[in-house]
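Pulled from Swiss-Prot:
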type	residues	note
REGION	1-26	region 'Disordered'
COMPBIAS	1-12	compositional bias 'Basic residues'
BINDING	ASN63, ASP102, SER123, LYS124, GLY132, MET133, TYR134, GLY135, LEU136, GLY137, VAL138, LYS139, LYS454	ATP binding site
Amino acid sequence: MSAVAKRTRRARARAEEAARPGSTGEKYREMSVAEFFAKNKELAGFANPTRALYQTIRELVENSLDATDAKGILPWIHISIRQIEGSEGRGGRPRYTVTVEDNGIGVPVTSMAMAFGKVLFSSKYVIRQTRGMYGLGVKAAILYGQMTAGTPVEVYSATKGSQYVYMMKLVIDVQRNEPRILERGEWNKRGSWHGTRVTLSLEGDWSRAKSKILEYIKRTAVIAPYAEIILETPDGEIYYFPRSTRKLPKPPRESKPHPHGVDIEQLKSMLRSTRASTLREFLVKEFQSIGDKTAQDFLEKYGLDPDLKPRELLKKGRDKLLRRLADALMEYPFRAPKSDYLSPIGSDIIEIGLRRMFNPEWVGAVSRSPKAYRGHPFIVEVGIAYGGGIEARSEPLLLRYANKIPLLYEEREDVSYKVVSSINWRQYNVDFPAPLVVLVHIASTKVPYKGVGKESVSDVPEIEAEIRNAVQEVARRLRLYLSRKAREEEAIRRSVTLAKYIPEVAVSLAYFLRPPSKWQPPKPEEVKKIQEALIKIVARHIELPPVDGKTEDPEAIVRRIVESVELE
């Protein structure tokens, strides 16, 4: 028997032995990623029909926004939710067809099947700020639809500059984690449309999910007032959120990893894929915040050979040297990560969104300077709106966002809630119940979510401190506004006390400004002349503080009061 045949026979024997129950009677087998998430759908936010319908809308809308504003395109997003009549699922639960269409960059036809049919296949596995992180969301929705409605996902897409519109109907092969295409087509593009339209069916509960879905869309419109969003509901309602600004945040850019954010496994992967011929070249080419001089100083400090070939660190017997390099990268005081890769919303856009949605009497926002945690850059932005159309509540209405995603669930688990609820708002002249809205946005190449459902952010000390500083910074401006407003109201109250007597005093003076022998009812023009003089005298003695940069005319206030008295 040849050596090859012997090896094949031994391999077959090992495979048969592995498939047989062991001494414990247990069988072992491999589970694909798709099968794992199909069996543990609650991990991705699909715990029940209510949450599943909400999560499906959220995942598709986030993909649309990433494909538009992140590429400098003013977003147009159309969402349709329709109940499928006579197709109740398990337990009589209704089924729905969800369609989301956008005007984004589209998906290349060569990637369409994998992008929608393979779990953890994504364009987001780079160091860049995106709404999605795991390459899971839309595939989790497709899996849930397969399991509850038994229908494929239908995708139409056209990229910018393409002459064709492509269509695919596919399902995910759960055992193999591969797309199975059921139908495909392509058509000549008649217009200039580019973007993606995704349609899938699933079990859901619209009556329970409605409030969350509407709130999600409203909060998306707050954070993205540059987007035009249309929502058609199963109730026959159409919600339209027009674009209120054409100003877009700057698109995010891909960045190199920072040395403080790299672990041993990531370092191994980088060493395998690098084209650098020396360790010094590897450090300069593959990391941010490392130039030639920094690389030389770093290698000298830790006694590492600058001419060592990177792949030498992956050979047997080099484990200690590899760990030494990884520890040194974490320890050395490199420059902070660059933040120009991030895409903050900007204080102007935050204020536009809050004004449009809440019509407040005062609004302020701040976009803080970049900071970093564990080698990952982040920017905290905060907006506060007060009064006007805001309903008074026993605590602030908190709007949480991470990489422009509205976070609606798990509020009390979030670091933003921890900070906002711990602030003594009375120090800022806010007494509850009060009409107060606080918006917190965290932009980062790696948001520290508490789970794959992306609903709450961990209380990382650096992020917590920045949120607190940002909230307090805007709250101080609110306090200044409220203090000036209180002084103005007090001045107006005093003005009312004086001004309401002006008509009566004017008539009396008209009598007494002539000798007693000529007393007679004064003429209206005489009273009017004296009244005008009194209005100017009283107005000169009223000092109104500027409120939100504006000062009301004291004379106009006195005149309004006098006119109201005359009408009584």
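Every residue, even glycine, has its Cβ placed from backbone N, Cα and C.
Listed binding-site residues: VAL138, LYS454; maximum Cβ neighbour count within 10 Å falls on LYS454. Over all protein chains present, the Cβ of ASN63 (ATP binding site) has 23 other Cβ atoms lying within 10 Å. Secondary structure at LYS454 (ATP binding site), taken from DSSP and collapsed to helix, strand or coil, is coil.
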